[in-house]
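As written in Swiss-Prot, here are the features:
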type: TRANSMEM; residues: 17-37; note: transmembrane segment
type: TRANSMEM; residues: 38-58; note: transmembrane segment
type: TRANSMEM; residues: 89-109; note: transmembrane segment
type: TRANSMEM; residues: 121-141; note: transmembrane segment
type: TRANSMEM; residues: 154-174; note: transmembrane segment
type: TRANSMEM; residues: 190-210; note: transmembrane segment
type: TRANSMEM; residues: 238-258; note: transmembrane segment
type: TRANSMEM; residues: 276-296; note: transmembrane segment
type: TRANSMEM; residues: 331-351; note: transmembrane segment
type: TRANSMEM; residues: 355-375; note: transmembrane segment
type: TRANSMEM; residues: 398-418; note: transmembrane segment
type: TRANSMEM; residues: 427-447; note: transmembrane segment
Amino acid sequence: MANKELKRGLGARHIQMIALGGTIGVGLFMGSASTISWTGPSVLLAYAICGIFIFFIMRAMGEMLYVEPSTGSFATFGHQYIHPMAGYITAWSNWFQWIIVGMSEIIAVGSYTKYWFPDLPAWIPGIVAMVILGAANLISVKSFGEFEFWFAMIKIVTIILMIIAGIGIIFFGFGNGGDAIGLSNLWSHGGFFAGGFSGFFFALSLVIAAYQGVELIGITAGEAKDPQNTLRNAIQSIIWRILIFYIGAIFVIVTVYPWDELNSLGSPFVSTFSKIGITAAAGIINFVVITAAMSGCNSGIFSAGRMLYTLGVNGQAPKFFKKISRNGVPLYGTIAVLIGLAVGVVLNYIAPPKIFVYVYSASVLPGMIPWFIILISHIGFRKAKGAALDKHPFKMPFAPFTNYLTIAFLLMVLVGMWFNDDTRISLIVGVIFLALVVISYYVFGIGKRTQANLTKSEQAAE
């Protein structure tokens, strides 16, 4: 075992597909109705508004990655351009978010497998999926990329087919005796803003959560071939991804079905495919949901392992986390993530259910921390680089105004979470988690260790 470099094993097709579908989770296929119930058809506007600010976040990250493509991505930028504690908080927040995502996705695999094998204990397919994905991540970054490529492909094809089917139903009457449904469902059941301003405002916190994980592509920077061009192309296309895969799918759902009947329909995807005569729709979507869950877990193992590696490199976690295997994989970081997932899955079946409600809730706010850090560190990055950025081909539009505007929007979403009884617990538990991370920074003397590690690095460079 040697402390080598991470291998650049992710090609352009891997990066593009991770960017296109890597963060589309189970929620879009199965849980979109609950979000729509808050606000009605105006959820379309909520997705569009959130999508614009996500675009700014990604462009800020892209501008920095073009100059400094590193595995630590936003954690490294926070460390360099804000304060070492900012990098520490960001890395642990991202690690925690992806551990929780991975746990929930593994549990989802077990639950959805019961569609075909109702008597099979749910933990068995979950553990099998985790072992397969764990092995793929340990073998090489390319094997992670191959799994994610095909998982994303399945999700993307399903969404595109669903949008095509929906357009056929809306404008040509497919599955409806030739009678086009039209667009009336967008306003005929209580109006476009059926949930009122408060419903729309509260829905923003649920919609913004649907975009969490979109920054995953930044973590691939240290292992991408030709990172400048592949990441630039992937990030530049994000606005089209948002329009097609999020807004396009939601448009079909709220146009084909009255929004106030969605909760009784089950999955809108199943209903749409069934409507045009695909009798096996439930089984097909169940398979897609399992692949979406495995994709989320796969991304979680990759991302959380790289965050532990970054913490090790920065002197903010045990040194062994920065050890690299012969295959160019952060071995101990990945193994630690797999152990954490396994423990979490076991505890899910033996611990009181309420404990995991709090654990899952705690991941929402930490999941937003990387966005704040990207925006703030980008301001410091601009100041540090100065005139060197004049010829940068990939600059964030209207910075730093858009930085401050996006930060204000994210803070407004957090305020909305506080005033909503259903999301307040997420904010409270998330703040407690972040407070514990800050306390650990001082209790364990992370600042001194970081400075000592920086001094050693500077001496080695001389």
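Glycine residues also receive a Cβ, built from the backbone N, Cα and C atoms like all the rest.
Three or more CB pairs closer than 8 A are found between the transmembrane segment (427-447) and the transmembrane segment (89-109), so contact between the two stretches is assigned (pairs 6 or more residues apart). The recorded stretches the transmembrane segment (276-296) and the transmembrane segment (190-210) do not share 3+ CB pairs below 8 A when only pairs 6 or more apart in sequence are counted, and are therefore not in contact. Within the chain carrying the transmembrane segment (121-141), a Cβ under 8 angstroms from the stretch's Cβ atoms is held by residues 6-7, 9-10, 106-107, 109-111, 113-114, 147, 223, 293-294, 297-298, 301-302, 305, 325, 327-329, 331, 334-335, 338, 341-342, 345-346, 349, all 6 or more beyond its ends. Nonlocal intrachain contacts for the transmembrane segment (89-109), taken as residues 6+ away from its ends with a CB within less than 8 angstroms of a stretch CB, comprise 25-26, 72, 74-75, 78, 122, 125-127, 129-130, 212-213, 289-290, 293-297, 299-301, 303-304, 307-308, 310-311, 314, 316, 337, 340-341, 344-345, 348, 359-360, 362-363, 366-367, 369-370, 373, 433-434, 437-438, 441. If you look at the transmembrane segment (38-58), the same-chain residues 6 or more away from its ends with a CB under 8 A from one of its CBs are 185-187, 189-195, 199-200, 202-204, 206-208, 210-211, 214-215, 217, 235, 238-239, 242-243, 246-247, 250-251, 254-255, 259-260, 371, 374-375, 396-397, 402-403, 405-406, 409-410.
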